[in-house]
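Asker: Got a structure here, written out as C-alpha cells. Questions coming.
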Amino acid sequence: MATTGDTHNDTIAQQPTTPQQQSGVDLMMTEEAPAPTQEEKLCQIIRRTFDLFDKLGTGTVAPEEVGTIMRYLGQFPTETELVEVVIRELKDHTAAAGGGGGTHSITKSTPIGYQQFEKFMLRCLKEHEYDPDDSETLLEAFHLLDPERKGWVDVNQMRDYLGSGHTGFREKEMSEFIEFAQDRDDDENTNNTRLYYEDYVAQLTTNVERHIDNLYRDMNKKE
C-alpha cells in the first residue's frame, strides 16, 4: 500500500515542468565552460606554432627547428645558447620522459617532443629568458663591426658575424637576413655589398614588436 508520502511524491513527479523551470534546466545544461586562463591561452599559442613545424603530426619536431619556433614565439637565443643550453635541456627532458629509447639513445637528431617543449617554452616566456634585444643593444653590436661609424657594414663581414655563433641564424635565415637588410637605392652601393644597419635595426625592431603584439593579442583581451 502506498503511503501518503509516496502518493505526494508521485504527484509531484507527474506534474508538468513549467516553461520557467525548463528554461532554468536548459541554462544549467548549456552553461559555458570557464574561460581559459592566461597560461592555457599561452599553451594554445605554443601548440599552434609547434604544429606548424610538426609536418607529420607525430608530436615532435627536429632539433634544428627549435630556434625558428622560439623566434616565432618571441624568444631569441643565440646559436651558442641554442646548442649548449636549449637543445641540451630539451633532450635531457626527453630522456627523462623515456623518449628516444632511453638516455643512451639520445643523439643530435633525436626529435623534440611537444610536452618537453611546452614546459620549457612556458618558462622562457614567463621569465623573459630570451627576449629580443632593444634597438640600442642591436646598434651597439653593429658599432663593434663599424668602429668608424660609417653607418654601414660589408655584406661579407656581416655574413662572417652571423655565422660566428653569436646569433641564432642558420644559413637559410642568414641569407634572408642579408637580403632584407641590403639597400639597393644607394648610388654608391653599386655592387650591393653594403648593409645600412640603422634603418635596418629600426625596421627589424618594429617588425618584431608588431609580430609579437599580434601573436599574443588575444591574451591581453579582457574576458
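Along the chain as shown, residues are numbered 1 onward.
Cβ coordinates are placed from backbone N, Cα and C, and glycine is handled just like the others.
When I checked TrEMBL for this same protein, it listed these features:
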- 1-13: compositional bias 'Polar residues' (COMPBIAS)
- 41-76: domain 'EF-hand' (DOMAIN)
- 1-24: region 'Disordered' (REGION)
Asker: Summarise the domain 'EF-hand' (41-76) as counts of helix, strand and coil residues per DSSP.
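Answerer: Across the domain 'EF-hand' (41-76), DSSP assigns the residues as follows: 23 helix, 2 strand, 11 coil.
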Asker: I'm checking region-level scores; what's the whole-number mean pLDDT for the domain 'EF-hand' (41-76)?
Answerer: 96
